[in-house]
Amino acid sequence: MEGVIVPLVTPFREDYSIDFEALEWHIRFLEEKGVHGIFVNSTTGEFTSLNTDERKMLAEKGREITSGMYLVGTGSTSTLEVIELSRHAEDIGADGIVIVAPYYCKLKDEEILKHFSMVAERVDIPIIVYAIPSCANPVPVDIIRKVSLEYSNIIGVKASVDSLTYLQELIEVKEERKDFRVFTGLDQYFLSTLLLGGDGGIMACANFAPEIHLQIWNSFKRRNFEEAIKLSRVLGEISRIYNVASSFASAVKLAMIAKGFPIKPVLRPPHVIDGEEVFNEIKGILRSLENVKP
């Protein structure tokens, strides 16, 4: 497991039901571009606004459509619900699950450890721990190291953490477990992650600009670092969409619409998609893509 993995948006119709036709179009588009994996029920996919049945239905439909590597997010505030969703993902043939630390209630380190341990003991499917302290309880590197060394099915981490020190410490876990995978969740950290010894990225801007991520990946693999750095600067510019929008999902969906993707400007309540002013700002930011060869 490596490379460019896309945390999918969840497209909705005007009545807030899941738009499975748009979902299928999007997955087909991304696989034709050559991404290395698809990830549903992600933060960008507004998983917290979906009920359990919808999350299972989305996971099932995504598995039917996706021909390549396929991940399902199974995070929740309830450890028992995580186990239920993880078993479901295993049953439908997902290649792995992504589990964020519980959110809303502040937890002690021992509780975070228990959460991941209980899930790992009850499923066989490969698990990626998701660290995103802006949205959930922070996951110390020591906990990630401990569970990855104790449980063979905990195979990696996705880190949406604005800290190169944290990222480097995660990559050092690979010295103790050679097959441990480290992915960044931040587009602007993609090249840095690869240079430090990481394995790829699970990045939201790849929903609408996978060509940039794939060109960075391919340039890095060819050791064309000059080209990779140039493209990384473009990706950093594109990442500014997060700064002008009110949420990841709003930023990415508006960027997709600006590029002509067949999705509707709808977020699940209570979230509201940003208006014309933000949309125009995002269109301006995306002009940096115009000079990049596909």
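Just so you know, glycine gets a Cβ as well, placed from its N, Cα and C.
Taken from Swiss-Prot as is:
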type	residues	note
ACT_SITE	Thr43	active site, charge relay system
ACT_SITE	Tyr104	active site, charge relay system
ACT_SITE	Tyr130	active site, proton donor
ACT_SITE	Lys158	active site, schiff-base intermediate with substrate
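Location within the structure of each feature annotated in Swiss-Prot.
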{"residue": "Thr43", "record": "active site, charge relay system", "Cβ contacts under 8 Å, 6 or more apart": "Pro7, Gly73, Val100, Ile132, Cys135, Ser160, Phe248"}
{"residue": "Tyr104", "record": "active site, charge relay system", "Cβ contacts under 8 Å, 6 or more apart": "Thr77"}
{"residue": "Tyr130", "record": "active site, proton donor", "Cβ contacts under 8 Å, 6 or more apart": "Gly73, Gly75, Val98, Ile99, Val100, Ala101, Ala136, Val157, Lys158, Ser160, Gly185"}
Helix, strand or coil for Tyr104 (active site, charge relay system)? Use DSSP. coil
What kind of secondary structure is Thr43 (active site, charge relay system) part of, going by DSSP in three states? coil
Cβ density check for Lys158 (active site, schiff-base intermediate with substrate), other Cβ within 10 Å (all protein chains) comes to 31
